[in-house]
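Working notes for the structure below.
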């Protein structure tokens, strides 16, 4: 077991993994002395959180007890998600449905309309996870989205778009970023699995330093705050979580050459296990909850997500599965690449 978690050398380290091993589920950090070893902190299906705890001094134990109390109080709340409580079905009528007592949500597209939902809360910074199973079979021309967005023309946005394809052909995951209304920062990927067979977790980490896109906790893209060289960065506008499914056959599959086969409708995407470890923006006031900010820092630390293993995985994805990068598209930017591409 120690070899599986050799990146968790210190008490402060929090690791995420998909390995399923019989570890202790921590309901509350009542006794630090009883918590030596590697333990799981998880109340939801999907990737659990592992903490490796080594022997420590009494003063470290006291500090850790306080920190774990804060951490666990937030984790326990945010893991208790329910689509009835967390989201509003915003369009599509009967095509958007919440089922199984709030545990499952489905969006469908037919020839008359698509559908969508949005979070009840607005957020400023955090980690957002959603498990999705995409439209199976012939999904050419369909676009399924999951994104964070603020309001207005000068909006900010963190965007996952899943572009359907003919049966047997791979989905394309298109990522994009908007800051103050300006986008044009697409990076596109094939996935290394069939996203229609099982649920997979799509995540965004957003803080003042970085935005990280993840698939099954593997980083696929990092956008750093480079305001120092004039690159705008989303940091002041609260955003909601949105998801939609709609007809994009004018462009989505092979540049619009492949149209939707409406005889295969309805096209349905399925969602579960939404988690937001995030700062909720309330009544126009920024979040000042220190415990939430602590969780933001835990999830956003480079050594937790972009340590040596994380950066190795990032390079693996970008080398083997990236199919488009705006930072190498000289035809699109004949007057010069955006400044962040030159770093």
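Cβ atoms here come from the backbone N, Cα and C positions, even for glycine.
What TrEMBL annotates here:
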- 157: active site, nucleophile (ACT_SITE)
- 161: active site, proton donor (ACT_SITE)
- 77-271: domain 'GH16' (DOMAIN)
- 165: N-linked glycosylation site (CARBOHYD)
- 62-84: transmembrane segment (TRANSMEM)
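Counted within 10 Å of its Cβ, the other Cβ atoms near residue 165 (N-linked glycosylation site) come to 20, all protein chains included. Taking the Cβ of residue 161 (active site, proton donor) as centre and 10 Å as the limit, one finds 19 other Cβ atoms among all the protein chains shown. A Cα-Cα distance of 25 Å separates residue 165 (N-linked glycosylation site) from the residue listed as 'active site, nucleophile'. When pLDDT values are averaged over the domain 'GH16' (77-271), the model yields 95. When other Cβ atoms within 10 Å of the Cβ of the residue listed as 'active site, nucleophile' are tallied across all protein chains shown, the result is 18.
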